[in-house]
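Asks: What follows is a structure written as structure tokens; I'll ask about it next.
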Amino acid sequence: MDQFIKQDETGDLIETGMNVANHFLSAPIQGTNLLSKATIIPGVAPVLIGNPEQKNIQYPTASHQGSKSKGRSSGAKPIIVSSSEVGTGGTQIPEPLFAQTGQGGTVTTVYQDPTIQPTGSYRSVELAKIGKERMINRFVEKPRTSTPVTEFKRGGPGAAAQGQTIQEEGIDGNGASAGSKERSGSLSGATPYAHLSLPQQDSTPANVGIAQQSAISANEIMDLLRGMDARLQHLEQKVDKVLAQGSMVTQIKNELSTVKTTLATIEGMMATVKIMDPGNPTGVPVDELRRSFSDHVTIVSGPGDVSFSSSEEPTLYLDELARPIPKPRPAKQPKPQPVKDLAGRKVMITKMITDCVANPQMKQAFEQRLAKASTEDALNDIKRDIIRSAI
């Protein structure tokens, strides 16, 4: 049912109501208890001439109800009931929308002669009647008469449905039809291939072309996108690991630089220690060391070449009884110890006293001891005392 009122119908209702209101406001009303000529509205008296039982009034047809007023801008166009449309039998005029009342007046029912067209107040009553009917009919839904619509499916009609025609169902109004819903036959959401539609006999023909070929399945596209997304995430994880290793490499480089700095410091300190204490030789000649490593026993059992042997080396000999006896080694004469040059050591110790000893009294004591020292051991003792005092 149409829930909206058209603008033209609204204008008709307003004009009808204004005509009725103007009629009752302009008509003179005199209150009385009797129906006399003085109280009858002009134009109504001829109605009383006819038989009251023959009450007949013509109602407007559907053609009159659906007509629109073209000259609404210039004024209201009255609705005229023609005498040619009079039916059989009289019909009582319904009571008007507004009762004609006055001082002590009563509402009177008036009947109309079939030969006389309604004028005056009857014309207003007819207008009100028509307006009421329009208002009632507007909110009453009419029954719909339509033929069943055959269902149309994609891919063209079947062999049995090719000869049938499709008649659309009317909605008797201006609203849009909701139509019928059908599930798509394509899982990917694309429009599949469709045949040409046959021309409809009861409708205006239209140009129909061949539908496009089926598009690529949307599921396959989504699978490809998901695979690319997974690979991208895997690459991102690898890049994160590489960046983490890079930070670790940077940390290792920093630690290596620290180790190198510490090692250089230790090497510098060791060089300083070597300068301060170069060390002492053992005092054993190299020849003696070599000879000690080459000593061995040689047995001469008979005549032969004994030039390789040395008389200084211990050798076993046979006595008269052929018994091996060692020949005693002759006693060695002790060699005098070479006099070492202590002047360089004294210069070094003097420099140590000057740089390492800050106390003047201790410095003076070390200088006195250095002047009295004549052996290497004494110089070593003085050097150790200087280092201890510096620490």
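Every residue, even glycine, has its Cβ placed from backbone N, Cα and C.
The phosphothreonine feature in Swiss-Prot is assigned to Thr10, Thr16, Thr165, Thr250, Thr258, Thr282, Thr375 (among others); the stated evidence is experimental evidence. According to Swiss-Prot, the feature phosphoserine maps to Ser69, Ser188, Ser257, Ser294, Ser301 (among others). Feature annotation from Swiss-Prot assigns region 'Disordered' to 82-101, 143-208. Residues or ranges marked as compositional bias 'Polar residues' in Swiss-Prot: 198-208. The feature coiled coil is assigned by Swiss-Prot to 218-245. Residues or ranges marked as region 'Interaction with the nucleoprotein' by Swiss-Prot on the basis of similarity to another entry: 343-391. Residues or ranges marked as region 'X domain (XD)' in Swiss-Prot: 348-391.
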Asks: Near Thr258 (phosphothreonine), how many other Cβ atoms are within 10 Å of its Cβ?
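Replies: By my count, 10.
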Asks: For each of Thr10, Thr16, Thr250, Ser257, Ser301, count the other CB atoms within 10 A of its CB; which of these modified residues has the top count?
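Replies: Sorting the candidates by Cβ neighbours within 10 Å, the top entry is Thr16.
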Asks: For Thr375 (phosphothreonine) and Thr258 (phosphothreonine), determine the Cα separation and express it in whole Å.
Replies: 45
Asks: If you average per-residue pLDDT over the coiled coil (218-245), what number do you get?
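Replies: Summarising the coiled coil (218-245) by its mean pLDDT gives 88.
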Asks: I'm trying to understand the geometry here, so how far is the Cα atom of Thr16 (phosphothreonine) from the Cα atom of Thr10 (phosphothreonine), in Å to the nearest whole number?
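Replies: Here the two Cα atoms are 10 Å apart.
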Asks: Quick one: DSSP breakdown of the region 'Interaction with the nucleoprotein' (343-391) into helix, strand and coil?
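Replies: Within the region 'Interaction with the nucleoprotein' (343-391) the tally stands at 42 helix, 0 strand, 7 coil.
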Asks: Hey, what's the Cβ neighbour count for Thr375 (phosphothreonine) at 10 Å?
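Replies: Its Cβ has 10 other Cβ atoms within 10 Å.
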Asks: Reported as an integer number of Å, what is the Cα distance between Ser257 (phosphoserine) and Thr250 (phosphothreonine)?
Replies: 11
Asks: If we check Cα distances from Thr10 (phosphothreonine), which of the modified residues Thr250, Thr258, Ser301 wins as closest?
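Replies: With Cα distances computed to Thr10 (phosphothreonine), the winner among Thr250, Thr258, Ser301 is Thr250.
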